[in-house]
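Some features that TrEMBL has for this protein:
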| type | residues | note |
| --- | --- | --- |
| TRANSMEM | 48-76 | transmembrane segment |
| DOMAIN | 53-502 | domain 'Major facilitator superfamily (MFS) profile' |
| REGION | 100-120 | region 'Disordered' |
| TRANSMEM | 156-177 | transmembrane segment |
| TRANSMEM | 189-209 | transmembrane segment |
| TRANSMEM | 221-240 | transmembrane segment |
| TRANSMEM | 246-265 | transmembrane segment |
| TRANSMEM | 300-317 | transmembrane segment |
| TRANSMEM | 323-344 | transmembrane segment |
| TRANSMEM | 356-374 | transmembrane segment |
| TRANSMEM | 386-406 | transmembrane segment |
| TRANSMEM | 413-435 | transmembrane segment |
| TRANSMEM | 441-468 | transmembrane segment |
| TRANSMEM | 480-498 | transmembrane segment |
| REGION | 509-542 | region 'Disordered' |
| COMPBIAS | 518-536 | compositional bias 'Basic and acidic residues' |
Amino acid sequence: MGAKPAPRSGNNIRIMEDGGFREEIPVPSLRQPKYCFKTLQDLIPARLVLYLLSFTGFLVSFMMRTDINIAIVAMVKLPPPISADQLNKTEEPLICYTPLTTNSTDDRDENSTSPEEGQFDWNPTIQSTILGSFYWCYILSQVIGGVLTQKFGTKAVFGFSQLLTAICSLLIPQAAVFHYSALIFLRSIQGIASGLTWPAMYAIVGHWIPAIERSRFMSSFQGFSFGIGLTYPLCGFLIARYGWPIVFYTTGSIGMCWCVFWWLLAYDAPDKHPRISMKELSYIQSNVGNTMVGSKGMRVPWWSIMTSLPAWAIGITTFGRIWVHYTFIIPGPLYMKTVLGFSIQKNGVMSGLPFLCSYLSSVVFCLLADYLVNHNLLGLTNVRKLFTAVSQVIPGIMVLIIGYLGCDIVSVLVLWFLAVTLITASYGGAMANVVDIGPNLAGPILAFAQTIHMTASFLSPLVAGIFLQENTSLEQWRKVFAVTAIISVGTYFFYQAFGTAEVQSWNYPDGNIPPPHTESDLHPLKSKENGRKDDKEDPAEE
C-alpha cells in the first residue's frame, strides 16, 4: 500500500514510517511575511539615525543659544537717536528709515518705517556683554569637552550638555527681569554646557563614519544653520504676538524633548548599538578600522596636538570664518533694526532665511567635496583648501561691499544671503579636516581648534559694540564690516600654507601610522608594541 501524503499540523509535519507516523517535527514557516519589524529596521541604517540625531541636536542647541540674538532687539530700548544736524551733515543717508518723533503715537504695523521700542535700558556695552558671556565660557569648556568625551563618551556628554542648556533657557525670562547680571550668569552656564557639544559629536564621527562619507555626514552639523534660520523668524512671530519671554520658554521646552530621543537612540560605537545590522557593522569596521582604536579612555597627546601646524592651521583659519559668521548672527539683527529699520517680524524673517537655505548649500558643498575626492579630480588636501577659501575669502569681500551699498536694500539682502550661504563650504573644508588629521582624536583636536576660533564669537560682537557705542549709523557699520573682511580673508592664508589632510602620527597610541588595507582593518586597532600581543581592550590605558 503506497504511502499517503504526510498530514500537516500548523507549522509541523508528520513523517510516515512503516505504516505509522513519527513524531511531529517543527519546521520554519514556508512563507515569511513580506515586511516585519526587523526588515524595516534594517532598511534604516544606524548611520542615518545618527545623522538625524546630529542634525536635530545642533538645530536645538543653536535655537537655545541664538534665541537671545533676536529677542534682545525687542528687549532693549533703542540707542540714542541720530540728530538732525548729523543727518544733514552728509548727502549720504546714515540710516534707511524715517525716525519717528517723540510725540508720535501712531500705531505701527510690521511694515513700519521705524523699529519698535524695547523694555530694558541696556547700553551697547551691556548688550555686548550679555551676548558675549555665552562665548567666554563656551571657549573655556572646549578642552574640558574633549577630555570628558574621551572618558565618558559622546552619548553622556552631549546629552547632559543639552539638558543643562535647556533648563537655563527656561529660567532666562525671570533672570532678565531681576537684573542683567543674572542673565549673564545663566548665559555663561549655557556657554559652558554648549561648549561640550562640538568635541563630543566630532569624537563619534571617527567611530561611525568611513572617510569617504565624512564630508556628507559633516552636513548634519549644519543643523545649527537650520536652527538659526528657524529661530529668527519663529522668535519674530512669537515676540510680535506674545512678547519676548515666550521665546525662551519655547526653545527650552524643545530642548528638553530632544534629550529624550537622544537617550533612547544614540550609542557611542557601532558595536554597542543593539539594532545595527551585521552588514552595516561589518562595513563600518572594515572602513574605519585602519585609523580607529578603542579611544574611549585613550590618553590624549595634548602636547603633540598643541604643537601641530595642521591643527593650528585649522584653528586660525576658522577663527576668520567664525568672525564673519557671527557678524551676521549677533550684530546682524541690530543692523537690520537700526540701519534698515525692519520691524521685529521682518527682521526675524530676513535674518533667518539665509541660514535656512545654508543647510541645503552645506549638503551640496559636502557632496561636491566627496565627489571630487572619490573621482580623483582633486586630492583631499586641495579639496579642503578650495572649500575653505570659498567659505572665507568670498564672504569676507561680500560683507565689505554690503557696507557701501548704502540703502539699496535689495542688493544688501542678496549679498547677505549669498555670503551666509557660502560660509557653509567650510564643512567640506577646514571643519572636515579635523577628522582627517586625527580621526581617533577628533574630539580633542576640535576642542583645541575651537579654543582658538571661538574667541571670535565674543570678540566679533564686542568690537561691533565698541564701534557702535556712540551711534549706530551706516558710517559706523562700515567700520564693523571692514574689520570683519580683513580678518576673514587674512586668516585663510595660514591654512593655505600649513593645512593638510594627512593623518598625523600622534593619532595612534604607538605613534606609528599603520599600512593601509591590511586584515587588521576589519577590526579596531590593537597596539603591537615590540611585537607582543596585548589582550587589553585599550592599550592606551597602560
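Just so you know, glycine gets a Cβ as well, placed from its N, Cα and C.
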Ask   = Same-chain Cβ contacts of the transmembrane segment (356-374) under 8 Å, 6 or more residues past its ends?
value = 212-213, 215-216, 218-219, 222-223, 225-226, 229-230, 380, 383-384, 387, 390, 417, 420-425, 427-429, 432
Key: Interface-richest range of 48-76, 156-177, 441-468 toward the transmembrane segment (413-435), CB pairs under 8 Å   = 441-468
Ask   = Do any residues of this chain, six or more beyond the ends of the transmembrane segment (300-317), have a C-beta under 8 angstroms from a C-beta of it, and if so which?
value = 146-147, 150, 388, 392, 430-431, 433-434, 437-438, 441, 444-445, 448-453, 491-492, 494-495, 497-500, 502, 504, 506
Key: Positions whose Cβ lies under 8 angstroms from the transmembrane segment (441-468), at least six residues beyond its ends   = 79, 124-125, 127-128, 131-136, 138-139, 142-147, 149-150, 154, 195, 198-200, 202-203, 205-206, 295, 298, 300-302, 305-306, 311-312, 314-316, 318-323, 326-327, 330-331, 334, 434-435, 476-477, 479-480, 483-484, 487, 506-507
Inquiry  = Looking only at the domain 'Major facilitator superfamily (MFS) profile' (53-502), what is the model's average confidence as pLDDT?
reply    = 82
Key: Positions on the same chain near the transmembrane segment (156-177), where near means CB under 8 A and six or more residues out   = 57, 60-61, 64-65, 67-68, 75, 120, 145, 148-149, 183, 185-187, 189-190, 193-197, 199-201, 244-245, 248-249, 251-256, 258-259, 262-263, 266
Inquiry  = Quick test of the contact rule: Cβ under 8 Å, at least six residues beyond the ends. What residues does that give for the transmembrane segment (246-265)?
reply    = 49, 53, 56-57, 60-61, 63-64, 67-68, 70-71, 155, 158-159, 162-163, 165-170, 172-173, 231, 234-235, 238-239
